[in-house]
Structures are given as C-alpha cells and as structure tokens.
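Notes follow the structure.
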Amino acid sequence: MTFQVWGWRREASQLWAWVPDAEGGRRAAMPRRTPATKDPTAVERANLLNMAKLSIKGLIESALSFGRTLDSDYPPLQQFFVVMEHCLKHGLKVRKSFLSYNKTIWGPLELVEKLYPEAEEIGASVRDLPGLKTPLGRARAWLRLALMQKKMADYLRCLIIQRDLLSEFYEYHALMMEEEGAVIVGLLVGLNVIDANLCVKGEDLDSQVGVIDFSMYLKNEEDIGNKERNVQIAAILDQKNYVEELNRQLNTVSSLHSRVDSLEKSNTKLIEELAIAKNNIIKLQEENHQLRSENKLILMKTQQHLEVTKVDVETELQTYKHSRQGLDEMYNEARRQLRDESQLRQDVENELAVQVSMKHEIELAMKLLEKDIHEKQDTLIGLRQQLEEVKAINIEMYQKLQGSEADLKEKNEITARLEEKTNKITAAMRQLEQRLQQAEKAQMDTEDEDKKYLQECQSKFDGLQKQISQKEKQLVQLETDLKIEKEWRQTLQEDLQKEKDTLSHLRNETQQIISLKKEFLHLQDENHQLKKIYHEQEQALQELGNKLSESKLKIEDIKEANKALQGLVWLKDKEATHCKLCEKEFSLSKRKHHCRNCGEIFCNACSDNELPLPSSPKPVRVCDSCHALLIQRCSSNLP
C-alpha cells in the first residue's frame with residue numbers, strides 16, 4: 001500500500017494534503033486547522049522536525065537492513081535529501097537581484113567554508129562540477145558530498161552557532177534560527193553509521209523536483225510486529241559503536257606514544273643545551289674573575305699615578321700663583337706709568353693746539369696793526385720795528401715749539417705768559433692811538449722785557465731737554481722690562497700647555513677607567529642574566545621531568561586499560577547464562593543487560609550505572625567494574 005503526497009497548499013492558516021481513499025484513489029483531506037493560539041511558523045517547524053526524524057530513522061533502519069553502501073538511486077536517501085532541502089529553505093530571505101528575486105540555500109552553505117576550514121574541499125569540488133548551473137544544484141551537490149564525508153552534522157553545527165551570520169539569510173522565525181535546527185543537527189550525527197557512494201557528476205541536480213513522499217513512512221502490521229529485527233539492528237549498532245570506541249582509544253594510544261617520543265627527544269636536546277649553557281657559564285665566570293683582578297690592578301695603578309700627579313700639580317700651581325702675583329704687580333705698575341705718560345702727551349697736544357690758535361689770532365691782530373701803521377706811518381715807524389722784532393721772536397718760538405712737540409708738557413707756564421703778553425700787546429695796540437707819545441718809553445720797556453723773556457725761555461728749554469732725555473731712558477728701561485716679562489710669560493704659557501697636556505692625559509686615563517668600570521658593570525649584569533637563565537632552565541627541566549613522569553604514568557594506565565580492552569568482545573545473549581559479577585542465573589525475572597564499555601552481560605543489579613562514553617554522548621548502561629575504572633580515569637585526568 002503506497003501513495004505519494006503530491007503537494008502542500010497553505011491558505012488562511014490551513015494545511016491541505018492529498019490522502020488515499022478506500023478505493024485506492026486520491027482525495028483532498030479535510031483542512032487541519034491550527035489552534036488560534038499557535039504560531040503558524042511554529043507549526044511548520046514542528047512538522048519539518050517530525051519529517052526529518054522520520055526520514056533519518058527510516059534511512060538508518062533501511063541502510064542497516066540493506067547491508068551495503070547506498071547509491072544515489074536509493075529512495076530513502078533521495079527522500080532524506082528532499083527533507084533536508086525543505087528544512088534549509090524554511091524562512092529564507094528573498095534576495096533581490098538586478099533581473100529577478102533569488103531565494104536559494106547555497107548562500108548559507110557557502111558560509112561553512114569560512115567557519116570550518118575542512119569544508120573548503122567540498123566547496124571547491126562543487127564549483128568545479130561542469131553540469132551544475134544553478135545555486136540550488138550546487139547546494140544539492142554540497143549535501144551529497146557532506147554525507148559521503150560523514151561530516152554533515154559538524155558543518156551544520158558550525159553554521160547554527162553563528163546566528164549573527166545566519167540572520168543575513170534567514171528570518172528570525174526560520175527553522176535554522178530556532179531550537180528545531182539544533183535538534184535536526186543532533187539527529188544527523190546518527191548518519192555517520194551509513195556509508196554512501198554517490199555519483200554527483202552524472203546527475204541532473206538543477207532540474208529535480210523536491211516533493212516529499214509520505215508513503216515510505218506509513219508502517220504495515222507486519223512492520224510493527226517485527227521486533228526481533230529491530231533488536232538485531234540495535235545490537236549491530238551497539239557493536240559498531242563499541243568498535244569505533246576501541247579504534248579511537250588505539251588512535252589516542254599511538255598519538256601518546258609519538259608525543260612521548262617527541263618529549264624524550266626534546267628532553268635530550270634540552271639536557272645537551274643545559275650542559276652547553278653550564279660550560280659557557282663556567283667560562284664566563286672565569287673570564288669575569290680575570291677581568292675583576294685586572295680591573296683591580298688597573299685601579300690601583302691609576303690611583304697611585306693620580307695621587308703623584310695631584311701632588312705635582314699642586315706644587316706647580318702654588319709656584320705659578322706666586323710668580324703670577326709678582327708679574328701682575330709689575331704689569332699693573334707699567335700700565336699705570338703708560339696711562340700717566342699718555343695723559344701728559346694729551347695735555348701737551350692740547351697746549352700746542354691752543355698756541356696754534358693764539359698764533360692765528362696774533363697774525364690777524366698784526367694785520368690790523370699794519371693797516372693802522374700805514375695810516376699813521378709817521379707815528380708808527382718805531383712800533384713797526386718793535387712788531388717786526390716781536391714777529392721774529394714769535395717765529396723763533398714757533399720753530400722751537402715745532403722741534404719740541406714731545407717736550408711741551410712743562411711749557412704750560414710759558415704759554416700762559418705768552419698769552420698774558422699777547423693780551424697786553426693787544427691792549428697796548430688798542431691804546432696806541434691814545435698813547436702815541438708814551439710809545440717810545442713803552443718800546444724801551446718792552447725791549448728789556450723781551451730780553452728777559454728770551455733768557456727765561458732758553459733756561460726752560462734746557463730744562464725740558466733734560467727731562468725728555470731722562471724720560472727716554474725710563475722708556476728704554478720699561479721696554480727691556482716688558483721684553484723680560486714677555487719672555488717670562490712665554491715660559492709660563494709653555495709650562496701651562498705642558499700642564500694642560502698632562503691634565504688631558506690624566507682625563508683620558510680617568511675616562512678609560514670609567515669605561516672599564518662600565519664594562520665591568522655590564523659583565524656583572526650579563527653574569528646575573530646568565531644566572532637567571534640557568535635557574536629558569538633548571539626549573540623548566542624540573543617541570544619537564546614532572547610532566548614526563550605524569551605522561552609515563554598515564555601511558556602505563558592506558559596500556560593496562562588497552563590490554564584489558566583488547567581481550568573484550570561483545571557477547572551474544574545465547575552465550576551468557578549467568579551474571580559475570582554475581583554469577584546468578586538469568587531468568588524471566590532476572591534479565592540480561594550488556595555493558596556498553598566491556599561488552600559483557602550482567603544482571604540489572606550489577607549494571608545499574610550510566611556514564612557517557614566516546615561512542616555515545618548520552619549516558620549509557622555500564623557495569624560496576626567499568627564504572628569504577630572510568631571514574632578513576634576521569635579523576636586522574638582532572639587537574
């Protein structure tokens with residue numbers, strides 16, 4: 001009795017379906033109304049979840065009864081892919097493109113490559129298939145390849161976890177965004193039992209119609225009564241899980257062996273490096289001791305040399321200070337004398353300037369007198385003679401003054417007298433008109449005074465020459481003293497240069513000592529760092545030794561457990577008549593129970609324990625001895 005569901009139609013929260021009638025035909029079933037309180041999307045999710053459960057369960061049962069690898073023409077397998085396609089399509093967002101609206105499941109399946117690196121091979125192979133033209137065909141090929149790899153559950157689990165990325169493709173009420181998606185992914189783990197051999201290249205996956213056939217999931221009375229067959233299938237599944245667990249344990253043991261070998265190699269390398277480091281530390285310590293001794297000797301020598309040089313420098317500085325004081329005193333005296341002489345010279349030059357100006361004034365006055373004399377030739381003949389004599393005297397005095405420019409310091413009195421006489425002459429010249437009669441008497445008086453004045457000038461000129469000669473002698477002595485002082489200064493400068501050279505040499509030696517101190521401190525720091533590295537390496541070796549001892553103990557435990565497990569076999573119900581632990585005979589009241597860990601048969605009292613095993617994440621029945629052994633392993637694995 002088979003029939004096919006041709007389609008679903010949804011109108012006003014009603015679900016229509018085609019069902020068979022009594023005559024073998026088809027009729028439309030009454031609409032199944034959903035309660036007003038239920039969400040229609042929740043009803044759709046529940047229906048798809050139930051269909052996924054039925055398809056997965058039917059596929060597993062039929063594959064185990066079929067007893068070989070499944071082909072692409074196998075009907076339950078085709079229906080499984082159709083149900084998975086409907087589950088992935090539920091709640092998809094419509095994507096707008098330039099030409100039309102797009103709604104495919106290939107977009108979320110492409111995300112798996114980014115989240116799960118092992119899925120890149122499937123994506124690349126799907127894109128390389130020549131016959132696929134639509135995104136839906138690529139998604140169908142991807143599902144088939146994932147089933148052949150037995151990693152469909154792992155891929156979809158990674159996709160469900162990333163709900164932020166899924167929200168770009170699905171609505172918030174979609175099956176993949178809710179708990180039903182996680183349940184379907186958990187059900188897909190059971191498909192790892194199936195071996196599928198599907199040819200994807202030859203199939204036309206683009207044009208297939210995804211219609212669910214419900215006829216496969218309707219059971220006859222014969223199927224309901226076939227309990228022994230279900231028991232056999234369950235026993236086969238248990239045996240397969242048991243064998244897979246043994247294989248996993250063997251793989252872990254081999255990996256642990258390889259890890260122990262690598263740890264031993266690394267341990268030997270670390271021991272060799274530690275020995276090399278110890279030798280290097282010993283060499284560095286010896287070099288450090290040698291450098292310290294050499295540094296101490298250098299410091300002693302430099303300190304002695306510095307003390308000797310300090311004493312010499314102090315004595316030389318004292319002598320230099322005394323000599324410098326005497327030279328400073330001599331230099332100050334010479335400087336004072338030079339200042340006095342320069343002041344005297346300036347005074348003489350000023351006096352000469354005054355006399356020159358007075359001469360010009362006298363010449364002007366003489367011209368005026370000549371004019372008056374021309375007017376009064378008769379009365380001023382005698383006065384002209386006197387004036388000519390005065391002019392001759394003045395010319396002689398001017399010539400003498402030119403010859404004695406350097407000796408005019410002491411002629412202040414002479415110039416003052418000359419000024420007085422010139423003033424008197426000017427006054428007399430003004431009074432000549434009134435006192436023409438007294439001119440003769442005044443002429444006689446002036447001649448006498450001129451004679452006396454000439455005598456006084458000659459005597460003063462002689463005194464000035466004597467003073468100039470004395471001062472020239474003093475200048476010669478001062479020049480000799482200055483030469484001596486210059487030579488003394490040159491010698492002192494040479495001594496200072498030598499002292500500066502010695503000081504620079506001493507500074508260089510001190511800088512070398514400072515650099516040696518810095519090198520010594522740097523070597524001390526390196527020594528401390530090497531000691532720290534040595535202690536850290538010792539601690540690391542100790543930790544590695546502890547880890548090696550722990551790993552060896554774990555390996556021994558695993559070896560013992562492996563030895564115990566290698567002899568274990570899944571016993572058949574017919575072979576066991578008594579309990580393995582209490583040795584009581586089985587009966588209708590005392591039933592047989594398999595231990596999922598060791599495969600032996602026990603009574604209910606001796607196997608009333610449940611623990612999760614690697615073959616099944618859910619707690620499974622385990623005997624008392626295996627329960628104690630597994631708990632002991634878990635406690636030893638805990639930190």
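Placement of Cβ uses the backbone N, Cα and C atoms for every residue, glycine included.
Over in TrEMBL, the protein carries these features:
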| type | residues | note |
| --- | --- | --- |
| COILED | 260-294 | coiled coil |
| COILED | 331-561 | coiled coil |
| DOMAIN | 71-203 | domain 'RUN' |
| DOMAIN | 573-631 | domain 'FYVE-type' |
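DSSP places the residues of the domain 'RUN' (71-203) in helix, strand and coil in these numbers: 84 helix, 7 strand, 42 coil. Residues 519-520, 523-524, 526-527, 530-531, 533-534, 537-538, 540-541, 544-545, 547-548, 551-552, 555 of the same chain lie 6 or more positions beyond the ends of the coiled coil (260-294) yet place their CB under 8 Å from a CB of it. Per-residue confidence over the coiled coil (260-294) averages out at a pLDDT of 85.
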